[in-house]
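Asks: Next up is a structure, given as structure tokens.
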Amino acid sequence: MSAPLGVILAGGRATRMGGGDKGLRMVGGRRLIDHVIDRLGPQCGAMAINANGDPARLSEFGLPVVADSLADHPGPLAGVLAGLDWAAGQGATAIVTAAADTPFFPKDLGARLMASAGPSGLCLAASPDETGRVQRHPTFGLWPVALRDDLRAALTAGLRKIVIWTDGHGAGQAVFDSTPFDPFFNVNTPEDIAAAEALMGAA
Ligand SMILES: Nc1nc2c(ncn2[C@@H]2O[C@H](COP(=O)(O)OP(=O)(O)OP(=O)(O)O)[C@@H](O)[C@H]2O)c(=O)[nH]1
């Protein structure tokens, strides 16, 4: 199987950050999306960024910027669908998604998702939280292009919660270690930027 394509989910309103594009925030002297590109690039074929609004503001990364294909559908699932539509146009069979606000996600994300995929080819990443309970991270997943019309129909019918759809398709789960810190730590607030910079040396 050829390597999946990579899609960086960079939509959303970033209300906890005070608005704007979270992916353009500086962490350790670089934009969050730069960190994500560095991690995802070696794990996939071509990459694209998904975001709403004017794509020109994200053109500096030199990657295609794909807008959500379903207007007015809040949440990252619309971004996953837009990524699948883009990948279909490239003749690809699957995408790996990564959130633009998560600078330390695992360097073996794509390989582990592929190794743990369910029969439909779907897989989500997960990691234990501070209580030891395994939490899924639905913005980090392996998504087969063959399911895009099914996803489009579900979203059009009002689906909001990713895991309802992935559970319905027997998605696999790749569980990553959370020590010394959770690699899916994401930057939501200005305080999280400081926390990410403190972690930078350890990542
Ligand atoms: N395409 C798309 N992606 C989204 C949307 N909402 C959130 N995301 C992505 O989903 C991931 C998690 O986003 P959140 O932090 O929960 O939401 P947010 O809107 O970015 O931030 P808050 O407003 O502070 O909750 C990030 O990668 C976002 O870029 C959306 O409406 N469309």
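Note: Cβ is positioned from N, Cα and C throughout, glycine not excepted.
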Asks: Besides LEU9, ALA10, GLY11, LYS22, ASN50, ASP101, which of ASP34, ASP38, ASP68, ASP85 does TrEMBL list for that GTP site?
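Replies: Within the candidate list, TrEMBL flags ASP68.
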Asks: When you measure from the Cβ of GLY11 (GTP binding site), which residues in the chain that are at least 6 apart have a Cβ under 8 Å away?
Replies: ASN50, ALA51, ASN52, ASP68, PRO76, ALA78, GLY79
Asks: Which number gives the other C-beta atoms within 10 angstroms of the C-beta of ALA10 (GTP binding site), all protein chains shown included?
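Replies: Step by step: centre on the Cβ of ALA10 (GTP binding site), count other Cβ atoms within 10 Å, giving 26.
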Asks: In Å, how long is the longest CA to CA span across LEU9, ALA10, GLY11, LYS22, ASN50, ASP68, ASP101, which the record gives as the GTP binders?
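Replies: So the maximum pairwise Cα distance among the GTP binders is 18 Å.
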